[in-house]
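A.B. asks: The structure that follows is given in the form of structure tokens.
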Amino acid sequence: MRGLYVITDGSIGNELLDKVEQALRGGAAIVQYRDKSADTARREQEALALQALCRQHNALFIINDDVQLAKAVQADGVHVGKDDAALATARDYLGKSAIIGVSCYNRLELALQAAQQGADYIAFGSFFPSPTKPHAPRATLELLREARSQLEIPICAIGGITLENAPDLLANGADMLAVITDIFNNPDITRQATLYQALTRKQAKHYPA
């Protein structure tokens, strides 16, 4: 796994499908659907539509923290938090072929544990101030370098990422760049996604999933 990893934002609203499709046209490699609302029917409808878009564009589709929804829409996988049981529960529920990613914040020990337990990728962040999660723990480039030296699974960087700071993340071992604001708030989403994807192709170190 490598490339631009876009995460949906609840504030996108009715423009969700259109904006995600623009990102996919620009080359986004992975889409994560993140919606914490209680409207189960709407969430399933949106997830099904996003899954169809991802298949059209040969992109992976990941559900945030909802294994039931991931299974219902046949998503490629799920992204879970730091709960020790979350990874095992997701694997049992979704099976061996599912992609399971784990948030490890700024803690290398969580990443090593997740890898040992069978995670397919891990995510560190926030690397920079983020309007989405302003109080998130701050990760460093040193952490990224150390993780890269010890992990053989892909690493995703998240938090306040822009085209200006992305090269440092890639140069220090990130395989994927998880971006929300700098993609979906851009007036030309497709072009912005293309620029990110070009960066990852040029600089990311490639590791097998």
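Glycine is no exception: its Cβ is also placed from the backbone N, Cα and C atoms.
Keep in mind that what you see is a predicted model, and the values were worked out from it rather than measured.
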A.B. asks: For the 4-amino-2-methyl-5-(diphosphooxymethyl)pyrimidine site that TrEMBL gives with GLN32, TYR33, ARG34, ASP35, LYS36, SER103, LYS133, which of ASN14, ASN58, ASN64 also belongs there?
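C.D. replies: The record-listed residue among the candidates is ASN64.
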A.B. asks: Roughly how many Å separate the Cα of TYR33 (4-amino-2-methyl-5-(diphosphooxymethyl)pyrimidine binding site) from that of ASP65 (Mg(2+) binding site), to the nearest whole number?
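C.D. replies: Pair distance, Cα basis, whole Å: 9 Å.
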A.B. asks: Determine, to the nearest whole angstrom, how far the Cα atom of LYS133 (4-amino-2-methyl-5-(diphosphooxymethyl)pyrimidine binding site) is from the Cα atom of ASP65 (Mg(2+) binding site).
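C.D. replies: That comes out at 16 Å between the alpha carbons.
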A.B. asks: Within 10 Å of the Cβ of LYS133 (4-amino-2-methyl-5-(diphosphooxymethyl)pyrimidine binding site), how many other Cβ atoms can be counted across all chains shown?
C.D. replies: 14
A.B. asks: Among all the protein chains here, how many other CB atoms are within 10 A of the CB of TYR33 (4-amino-2-methyl-5-(diphosphooxymethyl)pyrimidine binding site)?
C.D. replies: 25
